[in-house]
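What follows is a short report on a single structure.
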Amino acid sequence: MEKEYLTVYTPTRQRSPSIASLFHRSASAPNNLNVTESQPPSRRNSFFQLPIFTLLGGGGGGGGGGGSSATIFNDPLQDESCQSDKFNTEVPFKEYCVKRCLRFFPISKWLPKYTGRKFIHDFLAGLLVGLSLIPQALALLAGLPPRYGLYSGFMGCFVYVFFGSTNYVTIGPTAVMCIMTYTYGHDKPEEYVVLLTFLTGITTLALGFMQLGFIVNFVSIPVSSGFTSAAALTICYTQAKPLLGIKFTGVSFTQIAEGAVKHIKEVGTWDITVAGGCLVALLVLRKLECIFSRVVKRGKPWSKIIWLISVSRGIIVTLACTIVFAVIGSETIVGILGEIQAGIPSPTPPPFRYEVNTTRFHDSEEDEKFMKAYTIFDLIRQDTTVVLVFPFLALMEHSLNAKQFSGAKSIDFSQELIAIGLSNIASSFFGSMPITGAFPRTGVNHASGVETPMGGIVTGVLVLISLQFCTPWFYYMPKPAIAAMNIMGAIFTIDFILPRRLWKCKRMDLIPWGVTFLVSLFAGLQYGLLVGFLISVVFLLYWAASPKIRVNRCKLSTTGSRFILVDLDRSLTFPSAEYTRTVVMKSGERWGYGNLPVVIDCFHMHFADYTAAQGIVDLFKVFNSKAQPLILFRLKPSVERIVTSLLVMDEVKFFSAQTQVQLQEILEGLVVLTKNVGSDEGEKQGRVENPVGEVLDMGNTSEYDLITDSASPSLIYPDSTRRQHIGKVDFTVGDKPIPQPGNNGQRFKVQKGGGGGGADEEKGGPDSPVDIVVSEH
């Protein structure tokens, strides 16, 4: 097998050029300029060149008991093919600046390739999104005048065209952000909400510049599903007051439920009638395509017209209800939206200082009313949580929308944070509330066949036109119709499928789903998302702290050297350091009888931090103290640098091997082939001479026949489909691949630890440790 090194992907961002790298350096320049000439030649070859195995002396610097052997191996990354400039991690300054600009301004990628065909698709998509945005913006739940919904609907569309990294996400007011705005600002002036938008933008922009978009990866699918379902139900129960035509104060689920029961006699008949009719009409229009698909064949010209009617159902229903009540001319039949201030808002800085009417109570005198001034620092000091809650909610809702429609495309969430932050900052100059990616409009945009973010320009212009010319027409818009539109838009986002799927495949994940759903519904969306995030992190840390470790007793066919193989299935980090250390020590005592060599297979260990490396050093100290050999096998160069550095600094003797041949040489230097127990000297357990000066005792064995599956590196017991995974270890079948047998398999002798003689047995579970003999039977 031939292997050519191409590149290495890491989750860290690309390294910016250093000052020294700005100057020209030829491809033949040495890469080890940081190595001093005082080092011996064997250590100056390459930074990746490390000893295969080293046996340091017990005392002092280099001498000590026993011989020592060291061999230098060449890492494949140090071939001549890897010395060219294309593998250089340092990026030229000009190229680095160009890449950063392209990433910060995604419009520079698609604008030079923009065509007329793309403009037609974007124009139609932007028009449909604008028609959906106007009624949704007027139906906001933030407790503010309706004009603030329209103020929040245009600036984010303009900004996202330049800084958005996706084609289909539309930024604007959302029901979740409006609920949170009402939660924190229902008893505060309007200036508070505008200032909150500015703070949300500043915090989100800072998170984007710090490249913290990866935090969305810590929110699992059960958590996001539970949060989305709870948010949908929250939107539904907050519409109870306009839907029933009653008025009372209440924010939470329990408060609204209690208020609705108390004011049940005040329910308006016409309000319920209008709301029910609008719900039925919206449901029929939503299923219009499905209804007509049973009558009309697909592909006909009117299929597009039916789809267009279905997508525009919100504006159709609200417009029809507005016309009906405008013709009636009555303001008492149902609750209506009322007068909306016309005109496009002029750009003004956010109110960094605002005044609030405050009453000072006295015992003996009349209450004193005065104006109290608040600044941005007062807001941060009094409501510190909003500085983090709103940016995190904005990122979560935006990421859920982007992932829903991304398909196979990757999303740069750090750049999306920058786009959200700039959108909120720019919108705060026009009296906006906090905004983020909107799920219903993003779905409309995606279904409309949008090509680029240019459709946001059309959406923003349409909102500005409605602000300037159409606000008088919204006077008679009935509130029950708006409530019905909000309910119909939210009810279909409740996830009824995922809990059933989790019950069938992974019941443990029902815990984060259920906790997130219940806390979000009864305590608040911000608390539910926080609790769900913490549960996801706890699950992740528990998995990291409890790795799966396979322990096998092995025997080489060439020399008969026996050892305990400990196979790690992942990288070693500080949460799992103590657990791994305990398992290795227990394996050496229980299965290695305190004297067999223990080999740790580090093939899957791609990373190790200082705590884990110190744990390995402590393991060597413990094993050296009881004269039991411990060997690191197939340790990655990056991890070996950390571990060997600590071992050398602490002057601890250690073994390290990279290939089967090197491991075999180490074992041959430690152990001589065990004597047969059936001999005259078998009254005692076989005594093994050790060149290091130690004596190892071996237990008795009895032979078993196993069959090697040619399609798997595992071993299969006869007449059983259960497998004992041995791991992809070279010495189990030699350096060459497993030969393809002509029959069902190739037979090998495998020995199982036991106390009897050499009689064949047909028992032995796949979970018990076995001795692997790779000589043919």
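From the backbone N, Cα and C atoms, a Cβ is placed for every residue, glycine too.
Record features, source TrEMBL:
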- 123-144: transmembrane segment (TRANSMEM)
- 150-171: transmembrane segment (TRANSMEM)
- 192-216: transmembrane segment (TRANSMEM)
- 267-285: transmembrane segment (TRANSMEM)
- 305-328: transmembrane segment (TRANSMEM)
- 417-440: transmembrane segment (TRANSMEM)
- 452-475: transmembrane segment (TRANSMEM)
- 481-498: transmembrane segment (TRANSMEM)
- 510-543: transmembrane segment (TRANSMEM)
- 564-670: domain 'STAS' (DOMAIN)
- 732-777: region 'Disordered' (REGION)
> Counting Cβ pairs under 8 Å that are 6 or more apart in sequence, does the total for the transmembrane segment (481-498) and the transmembrane segment (192-216) reach three or more?
Replying inline: no
> Would the transmembrane segment (123-144) count as touching the transmembrane segment (305-328), i.e. at least 3 C-beta pairs under 8 angstroms with sequence separation of 6+?
Replying inline: yes
> So what's near the transmembrane segment (510-543) in sequence-distant terms, Cβ-Cβ under 8 Å and 6+ beyond its ends?
Replying inline: 176, 179-180, 183, 218-220, 222-227, 229-231, 233-234, 252-254, 385, 389, 392-393, 396, 498-499, 502-503, 575
>> Are there residues at least six beyond either end of the transmembrane segment (267-285) with Cβ under 8 Å to its Cβ atoms? List them, or say none.
In response: 242-246, 291, 309-310, 313-314, 316-317, 321, 333-335, 478-481, 483-485, 487-488
>> Let me spell it out: take the transmembrane segment (123-144), skip the flanking residues so only those 6+ beyond its ends count, and list any with a Cβ under 8 Å from a Cβ in it.
In response: 150, 152-153, 170, 172-173, 175, 178-179, 181-182, 185-186, 190, 193, 235, 238-239, 308, 311-312, 314-315, 318, 337, 340, 433, 438, 440-441, 444-445, 448-450, 454-463, 466, 470, 474, 477, 482-483, 485-486, 489
>> If you count every Cβ pair below 8 Å, which range out of 150-171, 192-216, 452-475 shares the most with the transmembrane segment (417-440)?
In response: 192-216
> By Cβ distance under 8 Å, which residues at least 6 away from the ends of the transmembrane segment (452-475) in the same chain are close to it?
Replying inline: 106-107, 110, 114, 118-119, 121-123, 125-127, 129-131, 133-134, 137-138, 146-147, 150-151, 153-158, 160-161, 164, 166-167, 170-171, 322, 326, 336-345, 445
>> Based on DSSP, tally up the residues of the domain 'STAS' (564-670) by helix, strand and coil.
In response: 57 helix, 18 strand, 32 coil
>> Mean pLDDT for the domain 'STAS' (564-670), rounded to an integer?
In response: 89
